[in-house]
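Structure, as structure tokens:
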Amino acid sequence: MQKKYVVALDQGTTSSRAIVFDHDANIVSVSQREFTQLYPNPGWVEHDPMEIWASQSSVLIESLARAGIHSDEVAAIGITNQRETTIIWEKDTGKPVYNAIVWQCRRSSEICEQLKAQGLEDYVRENTGLLLDPYFSGTKIKWILDNVPDARAKAKRGELLFGTVDTWLLWKLTEGKVHVTDPTNAARTLLFNIHSLSWDTKLLEALDIPAAMLPEVKPSCSVYGTTRIAGEGSEIPLAGIAGDQQAALFGQLCVEPGMAKNTYGTGCFLLMNTGNKAVRSSHGLLTTVAVGAQGEVNYALEGSVFMGGATIQWLRDELGLIRDASDTEYFASKVADTNGVYLVPAFVGLGAPYWDPNARGALFGLTRGANRNHIIRAALESIAYQSKDLLDAMIKDSGERLKSLKVDGGAVANDFLMQFQADITDVEVLRPSVCETTALGAAFLAGLAVGFWTSVTELKYKACIDKHFKPNIDASQRERLYAGWQDAVARTRS
């Protein structure tokens, strides 16, 4: 049968999805299944690894059935995944020794403090590009080995395997034949030296993690093994892996230095490609691994906005100013500006480039003439201002000129927000026709690995732009608006 399709497995924090793409990068079918979130203690977040696998394998089968596609028509399967989430299982039985500890989980905070006390903070920053934080996998591994009965002894005997979610899915899809990850996921473990592109012996020793547990690291654009869907049909190559944010960067074809993307979700995730240069940030950004045009390792700067879409949820759920997130564009467009109102949504503190956990949200500039429309507009503008804060930090750190800003995520449907983002950053904002860029990135990597597509040049004709948003205000207005934002932020921190 002719190979007509590539399937992307998109394993996220709350659901598992499978998306089928044709040769023109059009979506043919989507299947999605949510799974259980476990909160055994305050600040702890877990998933059942077997439920992750069951949900992901079922949507893979379902996505083909919905489209009426035979598995023999599938050229390759790519994987993208929630990063940092940690799974440890028995090599012989494939049975997890504990639930998956999710990236959001804070239980290993004390281990991070111990590493800081050992003077490892700067070493971690220099060699992994990360901060010493329970967000990343390394301290989660140590917690499992320290707290699950007999786990450390088994690990030292070579009986246990570790993997992030990509590795777990590969292991299951190949029936235990392949124990592999890619550099984008390895770089989020706190154990991977992003310069030598190898596991860091000093950090493994500091956390007392046996190297034999760790997966082999192979390029993001590779064939790792094969699988049969539901045990039927021919073997399908498993080819192409990237963590979710790096997959979105590749799906947007940000493969050259200075190219950046912003994913607008509950928060916002911004990544800028810095080419073959691992830039150490002086603004609190992370240095991480990305994927280049030939599938080679590139580097990127990464920063996140804590309150993106969550700010709009606050307008809806706590203030009752809107019924639906889509209402914000209508109300914001009813006024010419915010009437001097600024909202700083520091509800959980401020992230990069401020890193101020004590800052709190505030509304500034309220007068008797301020109304609902002004507050809603200020909320939307706050998302763009926070994104500009990060983009400016990336430009200063990298020395790269921002060529354009590629965007994806739910909020990109809001034309007002996209236009204001272009205005305040003074750069063209590009919204793709296919906003499923995370899955598209995994599909592109898989398709390139097996020759379904020949090059990134060919992909540029597949990744179409839906709309260009060009800056539409003058420099003096931009400077005045942003100065007002900076003043508001400063006052939330005093």
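Note: Cβ is positioned from N, Cα and C throughout, glycine not excepted.
Values in this document were obtained by computation on a predicted structure and should not be read as measured data.
The sn-glycerol 3-phosphate binding site annotation in Swiss-Prot covers Thr13, Arg83, Glu84, Tyr135, Asp244. Classification of Asp244 (sn-glycerol 3-phosphate binding site) by DSSP places it within a helix.
If you draw a 10 Å sphere around the CB of Gly309 (ATP binding site), it holds 19 other CB atoms from the protein chains shown. Under DSSP, Gly309 (ATP binding site) is assigned to a helix (H, G or I) in the three-state scheme. According to Swiss-Prot, the ATP binding site annotation covers Thr13, Thr14, Ser15, Thr266, Gly309, Gln313, Gly410, on the basis of sequence analysis.
According to Swiss-Prot, the feature ADP binding site maps to Thr13, Arg17, Thr266, Gly309, Gly410, Asn414, an assignment based on sequence analysis. Taken residue by residue with DSSP, Thr266 (ATP binding site) is part of neither helix nor strand, so it is coil.
A sphere of 10 angstroms centred on the C-beta of Arg83 (sn-glycerol 3-phosphate binding site) encloses 25 other C-beta atoms. Taken residue by residue with DSSP, Arg83 (sn-glycerol 3-phosphate binding site) is part of neither helix nor strand, so it is coil. Annotation comment: Swiss-Prot describes Arg83, Glu84, Tyr135, Asp244, Gln245 as glycerol binding site, evidence class sequence analysis.
Here nothing among the binding-site residues Ser15, Thr266, Asn414 falls inside 10 Å of the CA of Gln245 (glycerol binding site).
Max Cα-Cα distance over the annotated sn-glycerol 3-phosphate binders (Thr13, Arg83, Glu84, Tyr135, Asp244) is 15 Å. Fewest Cβ neighbours within 10 Å among the binding-site residues Gln245, Thr266, Gln313: this applies to Gln313. Neighbour count (other Cβ atoms within 10 Å of the Cβ, all protein chains): 16 for Gly410 (ATP binding site). The most densely surrounded of the binding-site residues Thr13, Ser15, Asn414, judged by C-beta neighbours within 10 angstroms, is Asn414.
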